[in-house]
């Protein structure tokens, strides 16, 4: 019977014929460190996002914070579930034959790997689309993008990721134990069947599509905000948009850097029908790079906030002995303009002079 269709024996041929020499202590160390740092980082980011959501009640900010919270919660559970299974596998000396006779654990591990891999990429693209609509179509966004609609989008994204993860199980294709014997995923060795190749290519194409959508929407949003800034129109409330677009750009860059090696590797294996030159160590390196995405995502919200950036800028300037000349000049100019307006308002005929005062000079 074909091993890809026999759940109880899935992946055991890989264990017999192929070995991936990895140092156990180093691998366990990586798994524990990744899981611990990821859980702490995402927990801290959830607290910050929840406080921000309670503070900002305007829809333009609230919808973004809901989506960001969904992304961070997904990353948290990804570290929690996948990390716990990986540590259990290492603690059991990677003896899959002993504790995985029915292939249930491998199937669960594979489903979680696919779901927690694709779902953050999907949510990142949905956040980029939401910001693009909020900046380019503010009226439509304020009337249609309510909290209820955002929660529906979150649910649909999660259900779609679950469907992709369950697709091999529904087609009676078991997830495979990989050559390193530490994780489960689609079949990556001796891939000859078109369906096994299809799953690898589907995963890669969906990941690249999510990154492409994020790039396109963030580009449109950034260009729109810069045009508005240069035209000096509708300045009020734009600081929130700039803060959010900076966070989205950081998320997109982190996702591209972390996920590109793994997506490219899976695509090459699918295209070359399993005759790719990718070694087990290369695949493990790409997998660890992808894991870093779930660790770095929460730090985007922890560090790339306006209040934190201001404090870091002041601390860095003070440590380097650099005087913030532009900031001082801006503050001094604002004080002078305020005193000038006050003096004019107290003088006779102030109302006429104030009306003649250009509005643009007030913010210079």
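Placement of Cβ uses the backbone N, Cα and C atoms for every residue, glycine included.
It is 62-90, from the ranges 62-90, 294-322, that TrEMBL records as transmembrane segment. Within its own chain, the transmembrane segment (102-129) has Cβ neighbours under 8 Å at 7-11, 64, 67-68, 70-71, 74-75, 77-78, 81-82, 85, 96, 153-154, 157-158, 160-162, 164-166, 168-169, 174-177, 183-186, 203, 206-207, 209-211, 213-214, 217-218, 221, 248, 251-252, 255, 259, 290, 293-294, 297, counting only residues six or more beyond its boundaries.
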